[in-house]
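Here is what Swiss-Prot records for this protein:
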- T13, I14, G111, R169, Q303: NAD(+) binding site (BINDING)
- S140, C141, N142, H195, A196: D-glyceraldehyde 3-phosphate binding site (BINDING)
- C141: active site, nucleophile (ACT_SITE)
Amino acid sequence: MEKVKVAVNGYGTIGKRVADAIRLQPDMELIGVGKTSPNYEAIIADKKGIKIYTVKDNIGKFEKSGIRVAGTIEDMVKEADIVVDTTPNGVGATYKPLYQSLGKNALFQGGEKADVADISFSALCNYDEAKGKKYIRVVSCNTTGMLRIICTMNKISKVEKVRATIVRRAADPKEVKRGPINSIVPDPASVPSHHAKDVLTVIKGIDIVTMAVIAPTTLMHLHTMVLTVKDKVNRDDIINTFLNTPRIILVNSSRTTVSSTAEIIEVSRDMGRVRYDIPEVVVFEDSIYTNGNEVFLMYGVHQESIVVPENIDAIRASLGLMGKEESIKVTNDTLGIMKGYLL
């Protein structure tokens, strides 16, 4: 099988995970990563044998730090079949003219505005619609979590209304300049938060309102959600559907004593997962409650890794490499993504 050549522009929290995931795919070759600062992440990438590309003016800085440079970011893009842009929020749009001028397909992340791409993407929701699109935006971690739940619930009964509150982590574990550390901050105080609008870029016309707050934690986001569906639903049907859906796992707090994001992370550590990543949505089974045609639930979203499999599937969708079910299966198998129960 001839492998497609993939470049990752940006090598931070998401970029390094996507790069590692690409290296595990049977149909992809990581040709290199774009990095503008010679920090510890660049040093580690170099030690792992990943080719590093940077902007021309920074080549000397990398070499001074003992980091080998394979060329400029433009050189990398020229060699690639597709670029996964994981640069900081808003930066991806500034690179789009480069990708366009070289005729390269590109993926962008949820921090970019929706109009940067031809389509916003969630593998469980609209993989087929994204096939053959030159520019795809993989929605944010929180939006990915919401969409997995909503699109899965649609299999049981059409979702007509969603009301959700997002308790956001304040910072990633490595981020030392973000907070708060002793406050809960409305994000924003006005309603709705931007997450509702982002869901609408994938599922058109749904009645959705979201609110968000930032909490002093680094581990995961936590969502509380109320869905109104067309027909009366049964709790057992919801549980069984979740158990049989890839990238959603349940945790039974009563049985396992796992009842917090901290304990979910600890389980992932004890399972030996790389970086303790949890790319699955983790639904607290005990929280699932039905009242007529209303469904209530809570679930955790690991912000550092949930979008990684989405990026892998988006590569295949953009280049037309595989159908939806095949791509999701290959991605899940290579990345060790679970379904069913966490424990």
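Each Cβ is built from the backbone N, Cα and C atoms, and glycine gets one as well.
Recorded features from Swiss-Prot, shown on the structure.
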residue	record	Cβ within 10 Å
T13	NAD(+) binding site	18
I14	NAD(+) binding site	25
G111	NAD(+) binding site	17
S140	D-glyceraldehyde 3-phosphate binding site	22
C141	D-glyceraldehyde 3-phosphate binding site	23
N142	D-glyceraldehyde 3-phosphate binding site	24
R169	NAD(+) binding site	23
H195	D-glyceraldehyde 3-phosphate binding site	25
A196	D-glyceraldehyde 3-phosphate binding site	21
Q303	NAD(+) binding site	23
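When the binding-site residues N142, H195, A196 are compared by Cα distance to R169 (NAD(+) binding site), the shortest distance belongs to N142. Those residues noted as binding D-glyceraldehyde 3-phosphate (S140, C141, N142, H195, A196) have their most widely separated CA atoms at a distance of 13 Å. Nearest neighbour of A196 (D-glyceraldehyde 3-phosphate binding site) by Cα distance, taken over the binding-site residues T13, I14, G111, Q303: G111.
Classification of G111 (NAD(+) binding site) by DSSP places it in coil, neither helical nor stranded. Binding of NAD(+) is attributed in the record to T13, I14, G111, R169, Q303, and the widest Cα separation among these residues amounts to 16 Å. Rounded to the nearest whole angstrom, the C-alpha distance between H195 (D-glyceraldehyde 3-phosphate binding site) and G111 (NAD(+) binding site) is 11. S140 (D-glyceraldehyde 3-phosphate binding site) and G111 (NAD(+) binding site) are 7 Å apart (CA-CA, integer value). Reported as a whole number, the C-alpha separation between I14 (NAD(+) binding site) and C141 (D-glyceraldehyde 3-phosphate binding site) equals 10 Å.
Annotation note: R169 (NAD(+) binding site) sits in a strand segment as assigned by DSSP. Checked against Q303 (NAD(+) binding site), the binding-site residues S140, C141, N142 differ in C-alpha distance, with C141 being the nearest.
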